[in-house]
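Marked as transmembrane segment by TrEMBL: A:58-76, A:109-130, A:137-154, A:160-179, A:191-213, A:233-257, A:269-288, A:300-317, A:329-347, A:359-377, A:440-461, A:492-511 (among others). Residues or ranges marked as domain 'NADH:quinone oxidoreductase/Mrp antiporter transmembrane' in TrEMBL: A:155-444.
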Amino acid sequence: MDSLLTSYSYVPWLTISIVMPAIGAFLIPIIFSRKSPREHPRDLIEGDDGYALEQLRWYSLFFTSISFCSTVMGYITQYDPTVSGLQLIEKWEWIPILHLNWSLGADGLSMPLILLTSFVTNLAVLASWTVLYKPRLFFFLMLVMNAGQIAVFAAQNMILFFLTWELELVPVYLLLAIWGGKKRQYAATKFILYTAISSIFILIVALTMASQNGNIPSYEYTDLAGALLDKKSQIICYAALLIAFGVKLPIVPLHTWLPDAHGEATAPVHMLLAGILLKMGGYALLRFNAQLLPDAHAEFAPLLVLLGAINIVYAALTSFAEKSLKRKIAYSSISHMGFVLIGLGSLSDLSTSGAMLQMISHGLIGASLFFLVGAIYDRTDTLLLADMGGIGQRMKRLFALWTICCLASLALPGMSGFVAEVMVLAGFTTSEVYTLSFRVVIAIVAALGVIITPVYLLAIIRQLFFGKDANQNNSLSLSPENVSVDAEPREIYIISCLIIPVIIIGLYPRIMTDSYKSSIEALVSRDIAAASKTIRYPAARLISQVPLQQAPNLRDFS
Amino acid sequence: MKVTLNFFLSTLKSIILTYINRVYNWHGFVYLCAGLLGCFEFCIVFYYFFNIYSLFLVLKLIFAVDPFLKICYCFFFVIFLAPFVRTRVYLAISSFLSVFCFFWIIFLIAFFLSPFSVAGFQFFQKSNIEFFNYFIKLDFIFAVDGISIYFVLLTVFIMPICFFLEYRNKAYENQKFFIVSLNFIQVSLIVAFTTLDLLIFFMAFESILIPMSLMIGVFGTNKRRTKASYLFFMYSFLSALFSFFLILYIYSIAGSFDILTLLDFSFNSSQQIFAWFLLFITFSAKIPMFPFHMWLPEAHVEAPTVGSMILASLLLKLGGYGFIRFSLPLFPYGTFFFLPLVKTLALLSVVYASFAAIYQLDLKKIIAYSSIAHMNIAVLGIFSLHLSGLQGAIFTMISHGLISAALFLMIGIIYDRFSTRSIVYLGGLSFILPEFSSFFFFFMICNIAFPGTSAFIGEFLTLVGIFSNNFFIFFFTIIGSFLCVVYSIRTFSFVCFGNLSARNYYCYESVTDLTREESYCLRLFLFLVFFLGVKPRLFLVFSYFPLKIVLLNYI
């Protein structure tokens, strides 16, 4: 205990921000309720053991706020943005036989995302005011998710990372399966199968990397970075991790769980899925693939760029064809994640920091859009665009909010999305690593995606708000008691909380980019060094061939 | 005066006991006397001066000297008590003894078992049985080390729950017989896990077959129970017969059944190959591994709930324990010779059983196939011949014992309420049985080795061991884990989510959620599984030195 006090003389903010929501979650069963919840099973079928609904809401908001405040305090008091190394280090031994330590820390890659996570989760709890069915379990799961998500970003031990990565699947599975839409079983099962199975690759890679480390395996990131794997094993590890994180990001051939899951989730869950879960994939790609496996990253970078371009265009085009509002927005977030991939693969610090900014800005914009979709669904009871229309006259405030969010999402100049996309594309096109022709082709394809995005987003706005009121000729939408309900103050508050940072970042991006600049620069310079060192022919000619030919020859591994 | 009294008492005691021991060579009586005198001494000491140390000494004398033989005596006493008391009273006595045994073992571990004993075997006790010694030299040798103590602990933890679950039922025909069988199974398991004598081990190993197959055949659920019982008995008995011949063969070579003697004896290579293979047939049928696995799903489907729990959580462990205790230390050359065979079979079983579990409709069959997969992952861990792999294998077996027992209990709960186990007829249970559904979810999550549960620790350590010697095997084991996620989630969502089927509407008004007893049992399991997942060190610490010694042959 003495050594513990002397070595950690400061407050462990990260641990507090993880443990407090968890404690809050496990104390939920003791919240007082008036009726016994199990008087008759029929009570449960009719839903809603809303006996302590009000207390539950404020209670969970309180705990998520504590979590948010402690991450902010950690950022203010102990985080120095000019340092590229690890800060806020907290390390305790947990299960020595697995070499599993409770070791947390934050650097430029994780600190902004930790802040984003606690912020968005806080707002998601505020957004779940509308949940009436089994609120006790719902808020329990939200708090557990809060803890698990922050831990994913803060973990500095690969086994701890795997543990929290898996831990956050269960709440999402239950949140989808219990509170989802009509096809919720299918969506939830698909989600957990995709992500649970892909995450086993993380375990494989952790074992592989740690076994290269010498006699005493250690899963700390710092030790793994020191382990010099040979190029072949790096490439195998990289490919495995690309599958694991590509499912989460998602990268296009592995994306099919996402429209289903997003299409069935309720609004708060949706905010978390789009705002944070997708960022885990991007963060993990940065953390493991780019940082720990630089040699393989040099080999795979063109593939990432190509996949990113495919993501952007494919998802944007698919979004056209979708009829459901939620699925449209879901595909739009896949499209936005394509920029993250391009930024990761570009091997330039401007572009990589653009990718980071894209993650943050999509975390804010995506969450707000999905929240608004939920708000529309609450009022119209339908998700099919064909059944909607002309509600702009009745819901003026909601119309305004929708317009702002859509403009933010389509990267209007002055919003953070624009800055991020420009940074990614500018950084990529000026990157010295790739040939000019490759750069031009990818830039054109990505720009095509950027052009398609406004088209479908504005089409959504048009179909939703303009035109004839669908209620006049179609009795499906706008049930009579909801006709005059416009956005309530709570909803306006949530959206403004999400949009104001978007505008601030859009006008003055350095407020965000400075916080991770040095980390990204250190990361990219290492990757570029690896690229120039390991590739035999000049780096400028790297991508003159088709990128897939750069992939390893499998016969060499046998 | 106090000192004189104490001195006088202890002298008297030792004189009497030595005399009885010399003259009659009858240990049971000696222990009884020791216990009575100890109680007497305790009363006097407590009366004159309260001294915690002397209390401890008395407890040690009663409980920590030759504990396993005492446990056996207690059980045999209770078994022979059966005709003389009424069923309910008998149930009370038996469950009391079972719970008492649990605390007894916990007491031993807490105060007397040393994790750092390099010699390995503790509570060593050797008493010869005169009747047998006229023909062959047969000793009751009891001892535990860091390997067997886990299995003993699992036995004394699961069995009280089985007794406890009997209280749920109304009295039925032959209930007393059922309870006697449970007692018999428990004492046989304790003997099998603690004895160091090959012949005694196999006597205990086979004596479980009788109560178990009767349990399946008499108390089973369907008409097919006779066939299942027959299959179970035949597979186990015939495979064990090989080992019986082997034991005679070993006796003819080495002249002893005692493992400690056999460890010093050096078998030549052909003897080792022969012996190892015969042992392998016995244990692989028990685990069960691929060609000999057919009895397990049949037996599980037909067995009553308690029978399934015992079968999955305890009986299968005999095979894994046998590998670690007998095959590995005694026949290292044989192990090396058959390493490819056993790894291939185990790998085949993992993948095959996982695929088979995906297509099953009967809940019990799903869990039975998943048991096969998990036990074979443990076998792969054992034969990775790596410290982590072995530790992980033991941990996997223990956690599988807990989790599968809980799952079979839950399936029994479903069957009690709906009279079906087919996932086709079930659905939407989360609406009518919310507490049940949440427990079912947690145990399914445990079954897929979710981080934070004991299964994860076991599987992870096992995988470390497997990884350290063969990537190919590691890869296919991982595929087994993939498939485990698939069938577990499938089962859960079929049973608990979805719409209420028409059949369930029918029972809908009458069905109640978990009763208090069931809920407590499941909570106990859940607590243990998560506790072992978060703090595994308490339980891994004992196995370090014994496994190091086992692995000395393989450096």
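Using the three backbone atoms N, Cα and C, a Cβ is placed for every residue, glycine included.
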Residues outside the transmembrane segment (A:233-257) whose C-beta sits under 8 Å from one of its C-beta atoms, at least 6 past its ends, are 187, 190-191, 194-195, 198-202, 204-205, 208-209, 212, 277-278, 280-282, 284-285, 288-289, 293, 295-297, 299-300, 307, 310-311, 314-315, 334, 337, 340-341, 552, 557
Dominant neighbour of the transmembrane segment (A:329-347) in A:58-76, A:300-317, A:359-377, by Cβ pairs under 8 Å:
A:300-317
Same-chain residue ranges lying at least 6 outside the transmembrane segment (A:109-130) that approach it to Cβ under 8 Å:
14, 17, 57, 60-61, 64-65, 67-68, 71-72, 75, 79, 87-88, 138-139, 142, 145-146, 149-150, 153-154, 266-269, 271-272, 275-276, 279, 283, 286-287, 291, 356, 359-360, 363-364, 367, 371, 374, 378, 490, 493-494, 497-498, 512, 515-516, 519-520, 523
Contact ranking winner - A:58-76, A:160-179, A:269-288, A:300-317, A:359-377 against the transmembrane segment (A:440-461), Cβ under 8 Å:
A:300-317
Which sequence positions outside the transmembrane segment (A:160-179), separated from its termini by at least 6 residues, show Cβ-Cβ distances below 8 Å to it?
94, 100-103, 131, 133-134, 137-138, 141-142, 144-145, 148-149, 151-152, 185, 187-189, 191-192, 195-196, 199, 202-203, 206, 219, 261, 264-266, 269, 272-273, 277, 280, 284
The transmembrane segment (A:300-317): which same-chain residues, six or more beyond its ends, come within Cβ distance under 8 Å?
235, 238-239, 242, 246, 251-252, 255, 289, 331-332, 334-335, 337-347, 428, 433-434, 438, 442, 445-446, 448-450, 452-453, 456, 527, 531, 542-543, 547-548, 550-551
